[in-house]
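**Student:** When I checked TrEMBL for this same protein, it listed these features:
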- Asp66: active site, proton acceptor (ACT_SITE)
- Asp135: active site, for ring-opening step (ACT_SITE)
- His137: active site, proton acceptor (ACT_SITE)
- Glu142: active site, for ring-opening step (ACT_SITE)
- 10-225: domain 'Glucosamine/galactosamine-6-phosphate isomerase' (DOMAIN)
- Ser145: site 'Part of the allosteric site' (SITE)
- Arg152: site 'Part of the allosteric site' (SITE)
- Lys154: site 'Part of the allosteric site' (SITE)
- Thr155: site 'Part of the allosteric site' (SITE)
Amino acid sequence: MEVIITREDQIGELVAEEIAALIARKPNAVLGLATGSSPLRIYDAVAARVASGEFSLAHASAFTLDEYVGLPDGHPCGYRTVIEEDFVSRVDLPTEAVQGPDGGSSDLDGACASYEEAIRKAGGVDLQILGIGTDGHIAFNEPGSSFASRTRPKTLTAQTRRDNARFFDGNIDAVPVHCLTQGLGTIMEARHVVLVATGEGKAEAVKHLVEGAVSAFWPGTILQHHPHVTVFVDDAAASKLQLADYYRHTYAHRHLVTR
Ligand SMILES: N[C@@H]1[C@@H](O)[C@H](O)[C@@H](COP(=O)(O)O)O[C@@H]1O
């Protein structure tokens with residue numbers, strides 16, 4: 001796991017560079033997209049580079065991580081709508097090349113199985129963007145999620161519903177109780193995982209993610225077992241890391257080492 005502590009406004013550019021390098025060697029790359037506020041600067045930076053002609057996502061495809069269950073089609077908080085507005089509509093990635101789990105299906109288990117199959121058929125995810133919840137969840141894999149889990153229906157914790165109420169005009173009762181989410185086992189198959197966390201509210205989750213014991217209680221800790229993870233954090237999110245100075249030093253001398 002590589003930990004990069006940098007200014008929040010740098011993170012978007014650094015991840016956009018990773019994406020540009022991926023597209024240069026594989027124009028039909030498969031991206032894993034995350035919703036939430038953490039990836040927004042990445043999407044801004046990628047949109048600017050695509051607009052300037054630096055690279056194109058016309059041959060790429062993408063899978064989203066998760067979706068609420070029970071929101072009507074086109075609901076502004078539905079992750080399909082959010083990802084379309086925050087990212088897809090701003091780049092040349094064709095809308096039909098972006099898939100998400102179908103939280104409106106009458107057969108939720110079947111929808112999850114087809115989603116797994118679609119990811120498999122696409123050859124798996126090349127670069128997965130992730131945020132992290134204050135309780136350490138990744139996608140919607142809440143504390144206690146099995147490390148072997150695949151895409152499935154889950155129940156959201158009260159804390160996640162409270163955190164996400166800000167997208168529902170502050171009304172926690174409007175936040176669905178259930179969701180569909182890629183499992184931890186699914187996410188672990190992405191070839192490169194890029195996790196972004198900023199702000200003091202994420203410091204505890206980041207401490208567990210990077211330096212804590214691997215535990216289903218802090219689901220993101222499974223990433224310690226992944227061979228290629230890059231964690232981008234700002235000073236506030238890094239404030240509880242015991243080896244923060246070491247990560248800064250390593251990053252400053254990155255050009256001298258091979259991973
Ligand atoms: N399902 C999403 C996660 O994918 C996201 O990482 C998390 C953090 O969101 P934010 O980046 O807005 O803090 O929120 C939601 O629960």
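In case you wondered, yes, glycine gets a Cβ from its N, Cα and C as well.
Tell me what's around each of these sites.
**Tutor:** In three-state terms derived from DSSP, Asp66 (active site, proton acceptor) belongs to an extended strand segment. The Cβ neighbour count for Asp66 (active site, proton acceptor), using a 10 Å radius over every protein chain in view, is 21.
Taking the Cβ of Asp135 (active site, for ring-opening step) as reference, residues of its chain lying under 8 Å away and at least six apart in sequence are, in sequence order, Glu142, Pro143, Thr157, Gln159, Thr160, Ala205. DSSP assigns Asp135 (active site, for ring-opening step) to coil in the three-state reduction, outside any helix or strand.
The Cβ of His137 (active site, proton acceptor) lies under 8 Å from the Cβ of Pro143, Ser145, Thr157, Thr160, Pro219, Gly220, each of which sits 6+ residues away along the same chain.
In this model, the domain 'Glucosamine/galactosamine-6-phosphate isomerase' (10-225) carries an average pLDDT of 97.
All protein chains considered, the CB of Ser145 (site 'Part of the allosteric site') has 22 other CB atoms within 10 Å.
In sequence order, Asp109, Cys112, Leu180, Thr181, Gly183 are the residues of the chain that are 6 or more apart from Arg152 (site 'Part of the allosteric site') and have a CB within less than 8 Å of its CB.
The C-beta environment of Lys154 (site 'Part of the allosteric site'), restricted to residues of the same chain at least 6 apart in sequence and closer than 8 Å, consists of Phe140, Asn141, Glu142, Ser145, His178, Cys179, Leu180, Thr181. Under the DSSP three-state reduction, Lys154 (site 'Part of the allosteric site') is assigned to strand.
Residue density at Thr155 (site 'Part of the allosteric site'): 13 other Cβ atoms are found within 10 A of its Cβ, drawing on all protein chains shown.
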**Student:** Filtering Asp66, Glu142, Lys154, Thr155 (recorded positions) by proximity to ligand 1: which pass a Cβ cutoff of under 6 Å to any of its atoms?
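**Tutor:** Asp66, by Cβ distance under 6 Å.
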